[in-house]
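Inspection log for the structure reproduced underneath, given as structure tokens.
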Amino acid sequence: METVPPAVDLVLGASACCLACVFTNPLEVVKTRLQLQGELQAPGTYPRPYRSFLASVVTVARADGLWGLQKGLAAGLLYQGLMNGVRFYCYSLACQAGLSQQPGGTVLAGAMAGAVGAFVGSPAYLVKTQLQAQTVAAMAVGHQHHHQSVLGALETIWRQQGLAGLWRGVGGAVPRVMVGSAAQLATFASAKAWVQERQWLPEDSWLVALAGGMISSIAVAAVMTPFDVVSTRLYNQPVDRAGRGQLYGGLADCLVKIWRQEGPLALYKGLGPAYLRLGPHTILSMLFWDELRKLAGRAQQQGT
């Protein structure tokens, strides 16, 4: 992998993931609706306006228009830029310090970088989730916050809940991104190396990064989905006047309540669109990042 300064990785990581977000945001909208559907209700006891992935896409388009499939895009781009810029920057710093050369170092570096990125990007993810959940009453699932825009949502949360309100739900976001980041960065590096060793593809081909991203996306979806469900619930729940969640007290409380009231399979609600979102997003973001790093590395070499 080309060596570039951490500051360059910040820009490249943020740019790559924002590019991927434009294509995968409709899948994020569908995934959010499916994860909120039947919240804290036993299976079979609630209406299901959202069913299969394709049916849910049609439902969203009918209820909110075609542009409804891009709900929360601005907040999603803000989140991807903040979270992944910081994440790739911290990961690059850790690799530069030699952590990735130690046993398990790549996983640890990915997890640490993901935790920092998740904390920085949490307000944007909070707003993104709430905007994507909003729809007409007949198709509504989960609490409806009625925000008009990203800035309006941030202002409303700040005014009603204070600065801490912008980081409500971060307790679910940090472990979510930690496990996803560790799985993504570790498996992408090892999968790419494995493909290169087999010499199935030209060493410098973008297809090597594509293959690595495809393998990495499976691992990411498998480990991340339960935390993704919990994170969506924590971010979207209604709050009292003190800014405390009215449904869940935190990560552990949310996990227990979902398990008891909806069953363990509820932790994988929206797995199909979650993979369809995480898969292309992981593949595209890692492919874009890898190719941009190559270009930056070559430009750096030519400059010296």
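Every residue, even glycine, has its Cβ placed from backbone N, Cα and C.
Annotated in TrEMBL:
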type: REPEAT; residues: 4-97; note: repeat 'Solcar'
type: REPEAT; residues: 101-194; note: repeat 'Solcar'
type: REPEAT; residues: 204-295; note: repeat 'Solcar'
In the predicted model, what is the mean pLDDT computed over the repeat 'Solcar' (204-295)? 84
Write out how many residues of the repeat 'Solcar' (204-295) are helix, how many strand and how many coil, based on DSSP. 73 helix, 2 strand, 17 coil
For a three-state summary based on DSSP, what are the helix, strand and coil counts in the repeat 'Solcar' (101-194)? 75 helix, 0 strand, 19 coil
